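**Q** Got a structure for you, written out below as structure tokens; questions coming shortly.
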Amino acid sequence: MGSTAAPEGALGYVREFTRHSSDVLSNLNELRLRGILTDVTLLVGGQPLRAHKAVLIACSGFFYSIFRGRAGLGVDVLSLPGGPEARGFAPLLDFMYTSRLRLSPATAPAVLAAATYLQMEHVVQACHRFIQASYEPLGISLRPVEVEPPRPPTVAPPGSPRRSEGHPDPPTESRSCSQGSPSPASPDPKACNWKKYKFIVLNSQTSQAGSLVGESSGQPCPQARLPSGDEACSSSSSSEEGTTPGLQSRLSLATTTARFKCGALANNSYLFTPRAQETSLPASKQANPPPGSEFFSCQNCEAVAGCSSGLELLAPGDEDKPYKCQLCRSAFRYKGNLASHRTVHTGEKPYRCSICGARFNRPANLKTHSRIHSGEKPYKCETCGSRFVQVAHLRAHVLIHTGEKPYPCPTCGTRFRHLQTLKSHVRIHTGEKPYHCDPCGLHFRHKSQLRLHLRQKHGAATNTKVRYHILGGP
């Protein structure tokens, strides 16, 4: 088919070849089957499997962490001892080259274990939905597998391949009972930021467990347990609490949602527990949650939120902070700090930027904001010399050099470098779309999506600090 030069001044266009990507993938699969240009041999269960590193890296975060950089260039044979089974790995390798995943009730658990090991979250979700659809309509109680799948590397390297987001799963597909001893939690350098992290990670976990109690009845779930003793005390400095999703918890998820009651989940007075679980506790252990908290209650005290005995156990050091907020029970050392904190509840923002009109509830926030206009960047990275307006931005930047990703998703295990990124990611699982377009009624998961929509569809002038306003039509 020949092509002729377009006449001068003619409008150009972009033609999309819809079959091109599938043809390229098919050609790569043919090269793999014929052993052409394959540059790595994978030993899975003693069985050698030839593949291309580029394809493995593009599909799996695990292989990306192995082959990235110069160190991966010299890896010609990769053995996975104690890793996924061959019958679970082979379908995944075919999927990488064909985009078709073959599942059956007999192979789904092995494929699920292998996908978890290889950090292929979208495949994990597909396997989970398949298992749930296969067994729940029949009313069959699926016996959990005895052995958990091998754990993949916990810290993903910076810049790992983008994972498929797909459509958000319903919340019921991401609930599970924690089983067995909790795995050791990795050190969290930002665990001191407990208030923010509690509402993102712990609220998600306990609300899921609480929904199981509300929806089900019958004998207690044998797999469900929460850490006790020293494990519970360490929960305030750990970001995971041993809830890494595995094969066992995901299989129990598919079968216990409507048949088991996860009662007696906690027996330790120092532990935060969901309100839904308090009905199964003795009267002496029940407590009312502090105002503003729908998920957690203190098991240590019997009074309302003002009980100081329980709060001192959970938050040592409050004796040096005599000023307490009556709404959320936060404690402060100075009266001025309490007055400033109250603006969080009232929504008052008395401090205004004289340049752009942005308003803030604290003078320190206004001072930090003013550096945007002045160009001042007082915080410098000692590694690369980059400078930042806020010290929080510097701390987040340093993680790029260390490769740390301290914030794990409690549902799928994906780890993130920044807390705000985790918050946005969690909405994929919950289906939450909090950003609303008033003119057309559409909802969006991320603020950037709403701003782009307003600019493209309504001609809005968007600014993160000033309320959006719709401009006149063209």
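Quick reminder: no glycine exception, Cβ is built from N, Cα and C everywhere.
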**Q** Suppose you had to name the range Swiss-Prot annotates as zinc finger; which of 282-304, 351-373 would you pick?
**A** 351-373
**Q** Write down the single range among 57-79, 103-125, 379-401 that appears in Swiss-Prot as zinc finger.
**A** 379-401
**Q** Quick check on the zinc finger (323-345): DSSP residue counts for helix, strand, coil, in that order please.
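**A** Helix, strand and coil residues of the zinc finger (323-345) number 11 helix, 4 strand, 8 coil.
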**Q** Looking only at the zinc finger (435-458), what is the model's average confidence as pLDDT?
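**A** Within the zinc finger (435-458), the model's average pLDDT equals 86.
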